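Visitor: Have a look at the structure that comes next, please.
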Amino acid sequence: MIAFNSLFSLDKKRLKKLQRTLNTINSLKGQMATLSNEELQAKTTEFRKRLVNGETLDDICAEAFAVVREADERVLGLFPYDVQVIGGLVLHQGNTAEMKTGEGKTLTATMPLYLNALEGKGAMLLTNNSYLAIRDAEEMGKVYRFLGLSVGVGVSDNEEEDRDAATKRAVYSSDIVYSTSSALGFDYLIDNLASSKSQKYMPKLHYAIVDEADAVLLDMAQTPLVISGSPRVQSNLYKIADELILSFEEQVDYYFDKERQEVWIKNQGVREAERYFRIPHFYKQSNRELVRHLNLSLKAHKLFERGKDYVVDDGEIKLLDATNGRVLEGTKLQGGVHQAIEQKEHLNVTPESRAMASITYQNLFRMFTKLAGMTGTGKTAEKEFIEVYDMEVVRIPTNSPVRRIDYPDKIYTTLPEKIHATIEFVKQVHDTGQPILLVAGSVRMSELFSELLLLSGIPHSLLNAQSAVKEAQMIAEAGQKGAVTVATNMAGRGTDIKLGKGVSELGGLAVIGTERMKSQRMDLQLRGRSGRQGDIGFSQFFVSFEDDLMIESGPKWAQDYFRKNRDKVNPEKPKALGQRRFQKLFQQTQEASDGKGESARSQTIEFDSSVQLQREYVYRERNALINGESGHFSPRQIIDTVISSFIAYLDGEVEKEELIFEVNRFIFDNMSYNLQGISKEMSLEEIKNYLFKIADEILREKHNLLGDSFGDFERTAALKAIDEAWIEEVDYLQQLRTVATARQTAQRNPVFEYHKEAYKSYNIMKKEIREQTFRNLLLSEVSFNENGDLQIYFI
């Protein structure tokens, strides 16, 4: 029986309900154990028949869980604990299970994945990296295959492998798929760039379990997945803008608020720019690109910090994941920011590419019929999980009591004091032989602590974005006697740290944090590296008034206190501030930081709603064309719409003496180069009929030439128009968001401004699709090559 004493009252009620189902599952244990392998495997077919006959997943849940539990033991030698069954039930219900480090989330997922896969609509488990997806699919896949289900892996251990549509279709048609969140997102975007049925592979998104759910669904929610296409014309303004920004004086030429992460050019800076470039009006339309590049350069210098937001590796800017400090391979900032950072670091500026398609994790995962999550730290963000994803967070009891001691923070006035105190504490703990995990907030700070430990003669390993290739080995050794591992917060998630021989007697793993992170969940993840599965251990954080958290989110009185007392301390004789108000201060500041993060993610949802509506519309129309269904961009309808719109334009806006020129121009630009002209005496109705006649003749001629391939031609003409317009729209909306955010400084609501402009652009895009489809149908040249393949040349 599970003890509920330590849980929130709401969790008590939830868990009591789940306890009844657990009791039923436990009562089936003996029955399942008596079944032969063949009889146990036959249960899968039985369950599927029962679902077809009208039973629901909830009806068969207890029995299905009991089957998987028995299969887990027979195949893996692992029998899920009661707490793991409870976690599996939470996942089946479409909620997030908060399970502490080492509690066996991988095994827990086998039960809800099996159950939900029985419907034949697909079930996915999405991990943080390819290694985990491949490993878990291989290990847990043995259980699913034993029970007659197919298993696919959406990633490859060969990064160079380029999977074709047929391979991906085979993966996604599997009963259960293991992949990563990013791989799924990019596959979704690529699938919606397909031009034929044979190139499509993605099923409807049905059920998914997201590992490290808070990191993916919350912390990474603002990071868009972007497929880039053809490059923009390379700009030489990055270098010029960078030179001017370097000469600017903070708070004189530009305003910078580190707390709010806002920066913009002030009036004095505008005057300096006008003098520098010898232009009379800085914000004139013709100077738009110059203004854009200056703002990009300003952002690069003030909002992006080397060693914290990115590293320079082999002449390239590599972004760091804010949630775990890992390098985001293959990821670039959009809208020119990446190029501005390259210029700031005096690297070769890479071409700025257009965004062909993009989607945020929020919108990707909200497309699933049922979504569940697993994490070690989700409870503090339950309100946001409910509001954004309609997912409750249920804290699952640990199988063994948590024996880790979390000590109150040691608080210092200045950064040098804190660093000195931290190193002295590390020396004391190291002398006992107790293993230490020392966690810094950035690559730069981790390297500083590493240098200080070297000077102190303490051997250690350094784990950060620059040394991530050795991560698994370092983590495996971090729990050994006498080990000291210096790491960024990338050590907070991933492989468990197992204690070496004799370490428990020394007190277990010591986790030493050198600053509070921006989110309480990150701190909880770091603390959770110690005390795994009932192990002994402790955590201790060292903080100061100069930490990023306090600078960016601290109250004014704290900043005043620092200015008043910073010169009164001796860094070599650090003095901890023991008053209760300071402990409360750092706790409240972190809560404020969490609130800002939630607010920023909420704004991302508001911004992205316009893009999501447009994306759904475009993808729906594309799929209708590919599947041969009637949609808004049916070629036949477009001919009528475009010609009718042109006649309405002639009737309302064109003088009679300009009529012939306008009609001839329309024919030449959109329909045919064989211009025969029209008579002055023709009425608008006659002109309309004349244009329809030209269109019908051109299409009849192409139909006669292409025969059965004419439908393919029509579809290709419309798809090409949609794709060209959508690429322009995605790119424009990215630029628009940057501009709209900047308008906040002019006392305007950035979201309102964005939606207003996005709606205008949306209508322009639809008009452009119709007109370009019209041109593609009529002005294109078609033929067959010597192999009999259809060739289309669009003008």
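Every residue number used here counts from 1 along the chain in the order it is shown.
Glycine residues also receive a Cβ, built from the backbone N, Cα and C atoms like all the rest.
Below are the features listed in Swiss-Prot for this protein:
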type    : residues                                : note
BINDING : Q84, G102, E103, G104, K105, T106, D496 : ATP binding site
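Context for these features, please: burial, neighbours, distances.
Guide: In the three-state DSSP scheme, K105 (ATP binding site) falls into the helix class. Counting every protein chain shown, 24 other Cβ atoms lie within 10 Å of the Cβ of K105 (ATP binding site).
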Visitor: Taking the mean position of the Cβ atoms of Q84, G102, E103, G104, K105, T106, D496 as the ATP site, which residues outside that list, in the same chain, have a Cβ no more than 8 Å away, listed in sequence order?
Guide: M99, T101, L107, T108
Visitor: What is the biggest Cα to Cα gap, in Å, among Q84, G102, E103, G104, K105, T106, D496, the residues listed as binding ATP?
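Guide: The widest Cα-Cα gap among those binding residues is 17 Å.
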Visitor: Looking only at E103, D496, the binding-site residues on record, which one has the least crowded Cβ, with the fewest other Cβ atoms within 10 Å?
Guide: D496
Visitor: Which three-state DSSP class does Q84 (ATP binding site) fall into?
Guide: helix
Visitor: In this structure, which of the binding-site residues G102, G104 has the fewest other Cβ atoms within 10 Å of its Cβ?
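Guide: Counting other Cβ atoms within 10 Å of each of the binding-site residues G102, G104 gives the minimum at G104.
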Visitor: Identify which of the binding-site residues Q84, T106 has its Cβ surrounded by the largest number of other Cβ atoms within 10 Å, counting every protein chain shown.
Guide: Q84
